[in-house]
Structures are given as C-alpha cells and as structure tokens.
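S.K.: Take a look at the following structure, please.
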Amino acid sequence: MKYNKLEIVSGNIYKTFFKFTLPNMAGLIAMSSVALVDGYFVSNYVSSVALAAVNIIIPLITIIFGISIMLTIGAAVLIGTYLGEGKTDRASAVFTKVMITITFISLLFTLICYIFSEEVSFLLGANEEIIVYAVPYLKMISLFFLFQSLEYSLSVMIRTDGNPYLASAAVMVGAVINFILDYIFIVKMNMGITGAALGTGISFMTSTFLILFHFFLKKGRLYITSKIGSFKEIIYAAYNGSSELLSEASVAVVAYLFNNIMVQNMGTYGVEAFTVINYSLWAVNMLCYSVGDSLVPLISTNYGALKYTRIVKILSLSRISVLTIGITAFALFTFIPEKIIASLLNPESNQDAFNTALIFASYVKYAFLFTGLNIIFSSSFTAFQKPLHSVIVALSRGLILPVVFIFIMPYFLSEKGLYMAVPLAETFTLFLGLILWKKDSVIQKVMGK
C-alpha cells in the first residue's frame, strides 16, 4: 500500500501514524531479530566465547551503521520537505546522492576491515581467547557492510516515498532467511561463527535487492537520477543527521569501554555477561528508533505543509508508543529476567556470566523507562531541522553522561556503580531534553505555545 503527500498531511492522523510506525516497527524488529538469532545460534551451537567475539566486533559495525543513519535521516528530512513542497526532482537528486555516498564509505570500510581484520579485532579489545573467533567473523561480515548500510537507508527512503509496507516486508524476508541460513550454516554444516556472519550478510543482501526494485522501476515519487547536481546538500544532510551518528558512535564507544572493563576485571565471562545486556539494550533502542524514524517523514512533510496541529498529535502518539515499549521491557526484566538471559547464556555451563548478567539487568532495566522519550526528543529535533539540539541530546545520553558515570560511579558503589551508568545517563538526559524543547521558539510555535 502506498501513501502520497496528501495522505500524510490530511489523512486520518491515527491511521497515518500507525501505518507508518507499525510497519517500521515490524521491520526493525525483524532487523533486530537478525542479531538476536545470531546470538542464540552462536551461543548455543558454537560457544559463549564466540558470542563474546561478536560483541567485540559490534562497536565497529555500529559506527558503520551510524554513518548510514546519519546520511539517511539527514537526507530524509530534506527529501520529506521537498516532497511536501512538490519538488520531486530535487528530492530524487538528494536520494541518489546519498546512495552514492553510502556506497563509497561502506566499500572503504570493507577494504580496511578485511585486510586488517586481526589488527582491528585486537584494537576493539579482543584477548587471545576471543581473537580466534573475532577475526573470521569480521572478515566475513565485512564483505556485506554495503548491504547492511543500504538495507537500512533504502527502507527509510521507501517510507519517506510513501510505501512503508514494502520496506517492512523486505526486511522481514531477510530476517526469515537469516534464521534459516543460521540453522543450515551453524547447526547442519558446522561452519561456526563464519556461518553466522555469512547468513547475516546474505539476509542483508536479499532485503536490499527487494527494496531496490521499487526505485529502479520508478514505482513511487523517488527515483535514481543522473541529474544530481552538487553534493553540498549531502554535507548539510550529514550535519542535520549528525546526532544520529553520534548516537550510534556513542553506543559503540560505551560498548567498547564496557567490553574492555569487563575483560580487565572479570575476564572473558564478563564480556559474555555484558553481551546479553548489550543485546537487550539494543533491542529496546531499535523498537524506540522505529517510532523515532517514523517521525522524520511525518513531521518534515507536515512541517513543510504548515500542518502544525497534526504534528502535535503525531508527537503525542509517539510518546505514548515509546512509553509502552519501555514499560513492557522494564516489566519483562523485573519478572522474568532469568528466562531472557538464559536464551543467550546457559546457566549450567556459564554460571559466572549468567549471575553477572542477572545483576547487571537488575540495574539497567530502569534505563528502558526513559530511553524512548530521549530518542523522540532527538528525532524530533532532527525533523524540525534543529541539529544542534539533537546532537546535545544524543551525545548526552549516548556518550558524555555514560562515560562520566562509568568512571565516577564505581568509586562510590564499586561494580554496582558501573551497572548504574546507563540508567543514570538516560535520566539526566530526559531533563536536558525537556529544557531544550521548552526553550526553542520554533518548536513552541508549532506546539501552539
């Protein structure tokens, strides 16, 4: 089903919101499931050390993914505004330029990571036990960096073009293929961690080609064009979407710090414990990002059409949605944390890692209550073309405050202080986001205040 500009700016607000958000959420759940399925098969059919190796590589993958998000979200704001103004040619030019830029950057990362896989793995914190698994995983997954980046970027662009269902369907097909291939490569063919990377890569590639058909066949308003003009708009898109890169880069830095602290203080089992927590945080973040990403085309298009009342309603629905996600995650980690952790860590063979993950989860669950609201702040600022505000929120929740608390809190509360770093960062960021929101005159005008 497709949606044009008229439906976005004048259709039933509830239907429009959920027709964009639910497919986006389904797609990102499918995208998240790729990592979770990999984690399940690697942990249960290879080893928990192999799972730790995947987590060691994740910060690098997160950085690459973050660059794609930065360019995509920044460009989507421009594209949504152009489409709202009826300037289809300019929107298509921006779309084409962002695809070219993402392709070049992804291939550059592939070249570096494939050639220097061992050096990169050690740099990311692998020890002698973990490096055995980290190198083959990085070599294989690096071959598919381009498809990982394009899968996300194209799924956002096709939603901005008014076809959210096709994007979600393509990603879900990829997720199903990943599950099947993980089973074949890891369980049946005994390919180990290399099989996990290969299955993931093929799933990304499949989703990418499915979405590409929409644009090459010119099924919507956006299309690949040779009349792209200057790349100055991509520089602006990168600036406007920089908060999204900073969010992902911050996640990578914090994960890197946690990995290294856990290795130094607890050894490999510490990384295994953090891996489970990191997967959980990532899954909740992805769900909330699915709502935040949906705001970009909805707000930018309505903003371009001066439909302020619709924007207020969209924001209210988005906040209710992320609060529901956060409260649900908090409840699950309050009442059944053992079952969640046991899906990735066998308590019988990994007792130390399992117990550490349980303690970690009892603290980090409080972050789920505020994560979504902070993501909505960041996405909304981006959609309103307030990149500095968005950067401040993203840096605060993802880098500055977590790093400060990681180094300060253990002095007062030992290991408990380390576990409290993320929820404390989310709490303080929420208050900062509220202040920025209330003090911005443009946003307050849109909100009718």
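Easy rule for this one: first residue shown is 1, then count along the chain.
Glycine residues also receive a Cβ, built from the backbone N, Cα and C atoms like all the rest.
Annotation source TrEMBL lists transmembrane segment at 21-43, 49-82, 94-117, 137-158, 165-186, 192-217, 317-336, 356-376, 388-412, 418-437.
Mind mapping these onto the model and telling me what they sit next to?
M.R.: Within its own chain, the transmembrane segment (49-82) has Cβ neighbours under 8 Å at 38-39, 42-43, 88, 90-91, 94-95, 97-98, 101-102, 105-106, 109, 113, 120-121, 124-126, 129-134, 137-138, 141, 145, 148-150, 152-153, 156-157, 160, 192-193, 196, 222, 233-234, 236-242, 244-249, 251-253, 255-256, 259, 268, 271-272, 274-275, 278, 293, 296-297, 300-301, 303-304, 344, 379, 382-383, 385, counting only residues six or more beyond its boundaries.
For the transmembrane segment (94-117), the list of distant contacts is 60, 64, 67-68, 71-72, 75, 78-79, 82, 135, 138-139, 142-143, 145-146, 148-150, 153-154, 157, 215, 222-226, 228, 231, 233-234, 237: same-chain residues at least six beyond its ends, Cβ to Cβ under 8 Å.
Sequence-distant contacts of the transmembrane segment (137-158) (same chain, six or more residues past either end, CB-CB distance under 8 Å): 27, 31, 50, 53-54, 57, 60-61, 64-65, 67-69, 71-73, 75-76, 79, 95, 98-99, 102-103, 105-107, 109-110, 113-114, 117, 120-121, 164, 166-168, 170-171, 174, 193-194, 196-198, 200-202, 204-205, 207-208, 211-212, 214-215, 220, 222, 293, 296.
Panel annotation: around the transmembrane segment (192-217), residues 34, 38, 41-42, 46, 50, 53-54, 95, 133, 136-137, 140-141, 143-144, 147-148, 150-151, 154-155, 157-158, 161, 163, 166-167, 169-171, 173-175, 177-178, 181-182, 184-186, 223-224 of the same chain, lying at least six beyond its termini, place a Cβ under 8 Å from a Cβ of the stretch.
Counting residues 6+ beyond its ends, the transmembrane segment (317-336) has Cβ neighbours under 8 Å at 13-14, 17-18, 21, 280, 284, 287-288, 291-292, 294-295, 361-362, 364-366, 368-373, 375-376 in the same chain.
Counting only same-chain residues 6+ beyond the ends of the transmembrane segment (388-412), those with a CB under 8 A from a CB of the stretch are 242-244, 246-251, 253-254, 257-258, 261, 371, 374, 377-379, 381-382, 418, 420-422, 424-426, 428-429, 432-433, 436, 440.
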S.K.: How about long-range neighbours of the transmembrane segment (356-376): same chain, 6 or more residues beyond its ends, C-beta under 8 Å?
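M.R.: Distant contacts of the transmembrane segment (356-376): 266, 269-270, 272-274, 276-277, 280-281, 284-285, 287-289, 291-292, 295, 315, 318-319, 321-323, 325-327, 329-330, 333-334, 337-338, 340-341, 345, 393, 397, 415-416, 419-420, 422-423, 425-427, 429-430, 433.
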